[in-house]
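Colleague: Straight from TrEMBL, here's the annotation block:
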type     : residues           : note
REGION   : B:1-21             : region 'Disordered'
DOMAIN   : B:61-369           : domain 'AB hydrolase-1'
ACT_SITE : B:Ser165           : active site, nucleophile
BINDING  : B:Arg235, B:Asp365 : substrate binding site
ACT_SITE : B:Asp331           : active site
ACT_SITE : B:His364           : active site
Amino acid sequence: MADAQFSTNASAARVDLMVVAEMVEPGSRVLDVGCGDGALMRMLQDGRNVDARGIELSQAGVNQCVAHGLSVIQGDADTDLADYPDDSFDYVILSQTIQATHRPKVVMEHLLRIGRRAIVSFPNFGHWKIRARLALSGRMPVTENLPISWHETPNIHFCTIRDFIDLCGEVGAQIEKGVALDAGGRPMRAGLPWGVWNLFGEQAVLVLSRGK
Amino acid sequence: MARTLGTHALSPTPRHEADDPSSLVARFGADEPLHLDCGIALAPLQIAYQTYGTLNADKSNAVLICHALTGDQHVANVNPVTGKGGWWETMVGPGKPIDTDRFFVICSNVLSSCMGTTGPASRLDGGPAYALDFPVVTIRDMVRAQAMLIDQLGIDTLFCVAGGSMGGMQVLQWAASYPQRVFCALPIATAAKHSAQNIAFHEVGRQAIMADPEWKGGRYLAEGTRPEKGLAVARMAAHITYLSEPALHRKFGRKLQDRAAPTFSFDADFEIESYLRYQGRAFVERFDANSYLYLTRAMDYFDLAADYDGRLAQAFRGSRTRFCVVSFTSDWLFTTQESRAVVHALNASGASVSFVEIETDKGHDAFLLDVPELFATTKGFIDSAARARGLTEPARG
């Protein structure tokens, strides 16, 4: 879906996907929402023997997936998740896509309904560089990772790590695992307070489950 | 138009092709009747079909193409009636997405059509044609007949079943009726049920045929007449539904036909009128009016979910077939919404499914036309499924 914007640094993107992939238990059933060209799905299928399915908005992405033998449906996270039955997957992955959805809260509710667990990765708008740009220039930040100006970007619902954690509370999601990634896409040291991640993490990856 | 059609030479070809087709024929005698949904056991039965490519030793490379309403078995060879190329030569052939250097491609004329498979124009032992004595058949009956052919060819599992429109209905029926015999399925521009709007258009076509005095209550072959006007009008109305408003506008707009100003008459002043009249004329040359009634009826009756307590997902329960569903943005006859309903059901049943909505202004007919995205999707899907099936790639010189 909006993956292209975050793929400026190809190797960093791979690291991001690998972080997500490592959070998936081998042999499970996975739905990748916004699967792009299917790179993560292939990684999961080949490396972790996962039964992976995908949803992707762009025709080019879907065609690439189909050509690789992946089962991918052309569709939109905002409208098409409603069609999936409850508990139909072990994991539903939303990688770098939530900020491009129209109704992130509804999407989150569907992820938790469809999958036993949800894995969500997103760019952190609370990163110090972004805060600094906004504070110093008084303009919406345009950075290497977020290169598109405010009126063109498909990313209409940016949030910080703290904001996202609030949303998890609102939809009753329990955070099972979390990691922030630095500018190179590498995981930051575990056990740091959320405030540190929110300031220095460029991306966050969280594993969620339905709260008790 | 009436005059033009009336003076047109009667073509003997549909009559001839109905009994003695210019293709391979499988015959089934009284000992192996086709049991129809209406309760009748149809025998004898003949199925006209074409094949392309070579069946491999373990019979794992067979592709069944299912043709649309007025299509036939001549997928990729010169049509014996029209003299034109096969109807899916863009898709099927050496090096094409459905590669005849790699796959053994089969296409049979559907039950109740008029190109050599038993239908209302068929004569029993040189007697009169069935006409309306032919039983009303369903999409499932067509698929049963195809399964009899596939059995006779000694093929257990089809590598792929593919088709658009009414052909796509057959693909879905194959996947539901014989899930273990279909490795992968490619239903294009189709639906799991015929909509009220589509039934309505079909009814207009049938009424046009039956209102033609030459139809003679269906007995026109015996009476030596042909309901050409009615059949042509049916085709003209249907043809509009195969196109899209933007495509019509692009192709014809309000352009006049070989004239500078309107003639203040009911001549074909507009290019679009002239085009439709031509389409109507060309159609009656090659098609049997009663077959048109039967085939449209079969489509109207199609409602796959109805056989499974109204739950479409049940039709595909436990299916291990790989599906690739394709729709076109400008197709208002078989909309993307209909394809999505199929995809939804396949998802709910846990089947392996891909879905592509291709952007084009070519309307429903897009599945027959040069649409590169369709070829790219098909090739990607077929090639990856062939790898999964362990089929070797053809050597290219």
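The backbone N, Cα and C atoms fix where each Cβ goes, and this holds for glycine too.
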Colleague: Taking Cα atoms as reference points, which of the recorded positions B:Ser165, B:Arg235, B:His364, B:Asp365 is nearest to B:Asp331 (active site)?
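Modeller: Nearest in space to B:Asp331 (active site), counting only the recorded positions, is B:His364.
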Colleague: By a simple count of other Cβ atoms within 10 Å, which of B:Asp331, B:Asp365, the recorded positions in the record, is least packed?
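Modeller: Comparing Cβ neighbours within 10 Å for the recorded positions B:Asp331, B:Asp365, B:Asp365 has the fewest.
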Colleague: Using DSSP with the three-state reduction, classify B:Asp331 (active site) as helix, strand or coil.
Modeller: coil
